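Accompanying notes for the structure given below.
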Amino acid sequence: MVLATSFFASLLLLATAKPLGPHTMVVHESRAAPAEGFVQSAAAPAEQELTLRIALKQTNIAGLQTELYKVSDPASKFYGQHLTLEEVAEFVKPTDETLAAVSSWLSGNNIDAKPVTPAGDMLEIKIPVSQANDLLSAEFSVFTHIETGKTFIRTLQYSLPAPLTQHVEFFHPTTIFAPPLASRPKFVAASPAKRATPGSDDLPGSCTSTMTPACLQELYGIPTTPATQKSNTLGVAGFIDQWANQADLTTFLTSLRTDINSSTTFALETLDGGSNPQNRSQAGVEADLDTQYTIGIATGVPVIFISAGDDNPDGLNGFLDMIILLINDPSRPSVLTTSYSFQAETDLPLSVAICLYLATCATRTCSWALLVPRCSSPQAMAVFRAASPRAAGTMSPPSPPAAHCAITSVGSTGGINQFPGISEVGSTFSSGGFSNYFPTPDYQAEDVAAYLAWLDSLGTIPEDGRFNRSGRGFPDVSAQGENYEIVVDNQFGTVAGTSCSSPLFASVIALLNDELVAAGKPTLGFLNPFLYSSVGRAALNDVMFGDNPGCATDGFFGHAGWDAVTGLGTPNYTALRTAVGL
Ligand SMILES: *[C@@H]1O[C@H](CO)[C@@H](O)[C@H](O)[C@H]1NC(C)=O
Ligand SMILES: *[C@@H]1O[C@H](CO)[C@@H](O)[C@H](O)[C@H]1NC(C)=O
Ligand SMILES: *[C@@H]1O[C@H](CO)[C@@H](O)[C@H](O)[C@H]1NC(C)=O
Ligand SMILES: *[C@@H]1O[C@H](CO)[C@@H](O)[C@H](O)[C@H]1NC(C)=O
């Protein structure tokens, strides 16, 4: 906040800078048509207020990425020395020249700008449609998302004065058409409908057919003793009116964690008009799953449910707003789990920029790991894997090398006790593949090369030509994701999906962070360089079997070492403790 204030001061000082002289307008971003699934329905009302974010060119994002890897790599002497807010700002803050150029242009047009990030590299302005059209030589219109009927104000093109193009990364949301977020777990009510009986102990079935906290603790060696450090918290992201119900949580804990206080609750943080109403009939399957399997596994770790409402100006269902909120919060959770995803990388041309902000976040003190299960429907996988070129005219890529997404992606396993001598098998819905946006990061390069060589040795690669061999491979790790027993609207039932795996893996990391803080050590931060290191991978159970068919193909196959179904494998808590130096 100190930084934001000083940024304000410089903005005021510079407001007296010379206005731009006569200039030509240069197209900054454009597209021929809205994204598939959207139609243009009307001109946008001239007086309607738009909230726009302006991402300014950052000073040295490549330098920040180098630092991120240094502090995240156990082999580096800088491991765990997460950067401070001020140190990160040195890499991402715009130059004085950029600030002067942009602020004099805005003040010359009587527009107030407010910085939304601590280093002032992203500004927010609120102006009517008519002024936005003039300022940016744009034609803001109403577009309708056909499937949901939701409307969005976007433009197919906008321009900037020529002298500003070198200072501005992008205006947002303008030419981005992101469909509403999805979460996919389907709740299958226990049959016959089993109403909760507090204290009943007949609920946990065998782990083969029903996953419970006790099964997962046993399988992965996860401790049941409570965490001790109140400063180390675990964040659970909530979007699209998915609400987490306390009464359902209490019922869940009463039956499935009889050893802990069944009234254990979560804290609530909201943004974009978010809320968390407690009428039991409004409980969300995803939100109930996520809170039950973080509080039920990360025993004693304070959990914060972060609920983004529908009033989100970010054009991304609150995703970017949530990242900005966390970047600005010095006591942010050390781990965030999100089970929501866009269907395909191409839905989110802004992903590159978002990843830059994630990198900013992950580099900091009180570091942050984000666990994102990718979409898991076959159709979604097909879109993700198909090597579709970047849509023409989307946001210009940031200067190379682009930061790799500072995210740990979690796939799913199942098949407990089903095959002699094999404890886990990749789930058919475990999403995996290769990115078209992000190149294979160094920490993963050997694994991806070995996996591709093995695929090549098979003679026929079912997916050949349909995925990007030089992209970042995912998932990074995996965890059980089938038949999770949960309580929704006072009813027991089961769910499956990577939506189960991500809260589980996040809970394991939160418990390790608790022990690290107790031992006076830094939390884990961005996990991947550790996970892929020789110590990290040795603490994971390699899952060698399974495939993830989709798109009328057999999908990828499980294999020894990293594979595009289960990543490096599932957690072994005891071994991870040792691996992180406890
Ligand atoms: C259980 O947790 C609730 C909510 O935090 C608290 O009010 C209550 O005192 C706790 N009960 C015990 C026995 O610790
Ligand atoms: C809870 O929601 C149901 C269904 O929408 C409604 O019938 C009921 O009145 C609500 N209860 C309360 C206390 O708001
Ligand atoms: C494949 O991935 C690389 C590395 O991220 C990228 O540069 C390239 O554009 C991608 N290819 C296609 C066809 O998208
Ligand atoms: C987990 O790691 C511990 C310690 O390294 C080891 O003894 C145990 O066999 C491992 N468990 C599994 C399931 O591999």
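Yeah, the Cβs are placed from backbone N, Cα and C, and that goes for glycine too.
Keep in mind that TrEMBL annotations are predicted by a computer and have not been checked by a curator.
Features reported for this protein in TrEMBL:
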| type | residues | note |
| --- | --- | --- |
| SIGNAL | 1-17 | signal peptide |
| DOMAIN | 210-582 | domain 'Peptidase S53' |
| ACT_SITE | E286 | active site, charge relay system |
| ACT_SITE | D290 | active site, charge relay system |
| ACT_SITE | S499 | active site, charge relay system |
| BINDING | D542, V543, G561, D563 | Ca(2+) binding site |
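Taking the domain 'Peptidase S53' (210-582) as a whole, pLDDT averages 81 in the prediction.
Here the C-alpha separation of E286 (active site, charge relay system) and S499 (active site, charge relay system) works out to 7 Å. The Cβ of D542 has fewer other Cβ atoms within 10 Å than any other of the recorded positions E286, D542, D563.
The distance from the Cα of S499 (active site, charge relay system) to the Cα of D290 (active site, charge relay system) comes to 8 Å.
If you take the Cα of G561 (Ca(2+) binding site) and the Cα of D290 (active site, charge relay system), they are about 29 angstrom apart, rounded to a whole number. Proximity to ligand 2 (Cβ under 6 Å from any of its atoms) holds for none of the recorded positions E286, S499, V543, G561. Cβ neighbours within 10 Å of G561 (Ca(2+) binding site), excluding its own Cβ and spanning all shown chains: 15. In sequence order, T413, E424, V425, G426, S478, G558, D563, V565, T566, G569, T570 make up the list of same-chain residues 6 or more apart from V543 (Ca(2+) binding site) whose Cβ falls under 8 Å from its Cβ. In this structure, the active-site residues under consideration are D290, S499, and the one with the smallest number of other Cβ atoms within 10 Å of its Cβ is S499.
Between D542 (Ca(2+) binding site) and D290 (active site, charge relay system), the C-alpha separation comes to 25 Å. Those residues of the chain, other than D542, V543, G561, D563, with a C-beta within 8 angstroms of the mean position of the Ca(2+) site C-beta atoms are M544, G558, H559, A560, W562, T566, G567, L568, G569. Under DSSP, D542 (Ca(2+) binding site) is assigned to coil, being neither helix nor strand in the three-state scheme.
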